[in-house]
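Notes follow once the structure below has been shown.
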Amino acid sequence: MEECLLHGRLHATIYEVDHLHAEGGRSGFLGSILANVEETIGVGKGETQLYATIDLEKARVGRTRKITKEPKNPKWFESFHIYCGHMAKHVIFTVKDANPIGATLIGRGYIPVEDILHGEEVDRWVDILDNEKNPIAGGSKIHVKLQYFGVEKDKNWNRGIKSAKFPGVPYTFFSQRRGCKVSLYQDAHIPGNFVPKIPLAGGKNYEPHRCWEDIFDAITNAKHLIYITGWSVYTEISLVRDSRRPKQGGDVTVGELLKKKASEGVKVILLVWDDRTSVDLLKKDGLMATHDEETENFFRGTDVNCILCPRNPDDGGSIVQNLQISTMFTHHQKIVVVDSEMPSGGSRSRRIVSFVGGLDLCDGRYDTPFHSLFRTLDTAHHDDFHQPNFTGAAITKGGPREPWHDIHCRLEGPIAWDVLYNFEQRWSRQGGKDILVKMRELGDIIIPPSPVLFSEDHDVWNVQLFRSIDGGAAAGFPDSPEAAAEAGLVSGKDNIIDRSIQDAYIHAIRRAKDFIYIENQYFLGSSFAWSADGIKPEEINALHLIPKELSLKIVSKIKAGEKFKVYVVVPMWPEGIPESGSVQAILDWQKRTMEMMYKDVIKALRENGLEGEDPRDYLTFFCLGNREVKKDGEYEPSEKPEPDTDYIRAQEARRFMIYVHTKMMIVDDEYIIIGSANINQRSMDGARDSEIAMGGYQPYHLSTRQPARGQIHGFRMSLWYEHLGMLDETFLDPSSQECIQKVNRVADKYWDLYSSESLEHDLPGHLLRYPIGIASEGNITELPGCEFFPDTKARILGVKSDYMPPILTT
């Protein structure tokens, strides 16, 4: 039997196993020893802990809770809603007995994919087989039910958002909210001379917003509460730095501002990730420097409540899993929640306003769309010099600093309360003291969740909140799998997981009609479909579907003869010393991900008579960089970098990457996702890094009969103006061949200028071709002359790590 593609949704129920004999599990001498050891060292239960999993070949897609004290007839009665995009011969149900370290295999049941391919419901008792495919002792069977729904049966497949009645992403913890308002931010600040003229519907022009100024105003004007979560919060930075836009009190640091607000009686609470090991393996590569202990010390003994919050595991994992979670994973949500004046003013009532996205309130984040390397070193960046990619980099040795490109948003209306509730859930689980503002007691001042714009207002938004988080980090999750499923949560091996960010991405990609534009700090995943080139793909476990969904979407459009384009912007390399083991390992995973996608695209082009077409006309990858000529009056450092280092080479060549830290996807100019979640397994898993994101659209600006021309379109055009240094008519339709070829041509030219021996003028734009080649079969190769990133000895295609576990770098 050949493998078949399962692309759609799988509804599965695992009921029970009948008359199980525990020979495969804990019986006999070994079982009694293990039980005694567990009781002696205080782990485990000294009894069977049976659970079942669902796999599509070697990709784990579902797992039940553990059942104790039922060694012969475990009953789970758990249902699963599974997004799939896998090649498989069988759906495999595995029964295991959990141990403190690892698990004992009982056996596996197999249902051929061809039995479910046409959508029939299959409800059967399946033989449980051992590794040799023989029935296990006693002839046990597992009772399961399966039904598959292919994407073509999805009423939203390829249809975009058809109307304002679109209900949002199904099976999620938070429902979609209407009557909201969203402000979109590119970078921490927009100076007054960044003014692209971008026409929108209704005769308006796009107007950019200023993120850190708005956050400064929101904190300054709060009267009752200021709640902040971050991967890092650094007390010594200032939010307002534009000398042409001074603000009263704007010269204060974040730390002093928060202390001042707390002393005025505002409840100021910070949940900052407690970098426990400060993950030594990564830290030596320059990947982590969060100031967590400095921040805690700064607020000690003040009115500000600052809690360092470790990424604690839920209770369901093995000892090894729990150790992995607490030492390897992070709290990555970046939110600010405040009470605010009413939009109309003149009222004593207050409302909730929230900020969500990729920007932490810490050093190295303040930047503008100009992303200067050298010219702000005596002004905005003199006291905020960030360059973790070179050993020993310092303002005294000069630039290039690492420019920072990021995306954030402000949420108003009912959606802002969902962000508040997320904070309350997290504080209740990990904050300790009961100090949250009691909203009921402020009921006469803070209005309950209500629309901030009327449904007739053409600027109105519908917005939904998504997360990656589990019961170890958020209180209030239901205990039973049935209640969890009803709340849009996934039950794992005794932990409850919110994985809705991944679901939101999958849903949006499947809906897409014309094009997708992604900016993300990482791009790796769907490892179940990687080539087994020096690895065992089943051991990588970067199983999230996003890269595979993108390539399957392109393939489906090629088959249908319809135009569809995907643009992806990533950093040149993940932040850190580029030659280091961790950075090189991540680049290797990224290469394997791109390769998997290009192989899909090239195969589809061949099968549809389009052999010889450039796959970059369908799927194209970019990075950002800058290069500046020296100007009179520039900051002169007092020292020099060490000779023959990346640092001195970059300084002399006057170039460096612009770090892409964004986590954003735009679909058809009508739908946008912005958050803290990267396109990697850490962010998309739900039980690894904690994340938050919004997905939203403007009901009056959909891509139905004509192209969408609302805020999302304006935002994309403004980003492209930032990256390409120009506006062009072809950019209005990213789905066209003319557009993708023009963008590729410009990015190729900019890469040639960036990587050339010398440059007589500033780089005219920042968008660079990602420096890889694509062979005829889709294999990723070196671009001629581009084995290493400029000024480094770091391989562009990365190197597989022999010592770093994939769970750390995926």
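Cβ atoms are placed via backbone N, Cα and C, with glycine included.
Swiss-Prot names His332, Gln521 as 1,2-diacyl-sn-glycero-3-phosphate ligands; from the candidate set His209, His224, His661, the record adds His661 to that same site.
Annotated Ca(2+)-binding residues in Swiss-Prot are Asp187, His371, Glu722, and among His331, His405, His701, His761 the one listed with them is His405. For His661 (active site), the nearest neighbour among the recorded positions His332, Lys334, His405, Asp668, Glu722, judged by Cα separation, is His405.
Listed in sequence order, the residues of the same chain lying 6 or more apart from His371 (Ca(2+) binding site) and placing their CB within less than 8 Å of its CB are Pro403, Trp404, His405, Leu624, Asn626, Ile658, His766.
Each of the recorded positions Asp187, Asp339 was scored by how many other Cβ atoms lie within 10 Å of its Cβ, and the smallest score goes to Asp339. Cα spacing between Asp339 (active site) and Lys663 (active site): 26 Å, rounded to the nearest whole number. In this structure, the C-alpha atom of Lys334 (active site) lies 24 angstrom from that of Glu722 (Ca(2+) binding site). Averaged across the domain 'PLD phosphodiesterase 2' (656-683), pLDDT in this predicted model comes to 98. Annotated Ca(2+) site Asp187, His371, His405, Glu722; additional same-chain residues within 8 Å of its Cβ mean position, judged by their own Cβ, are Gln186, Asp367, Thr368, Pro369, Phe370, Pro403, Trp404, Asp406, Leu624, Ile658, His723, His766. According to its DSSP assignment, Glu722 (Ca(2+) binding site) is helical.
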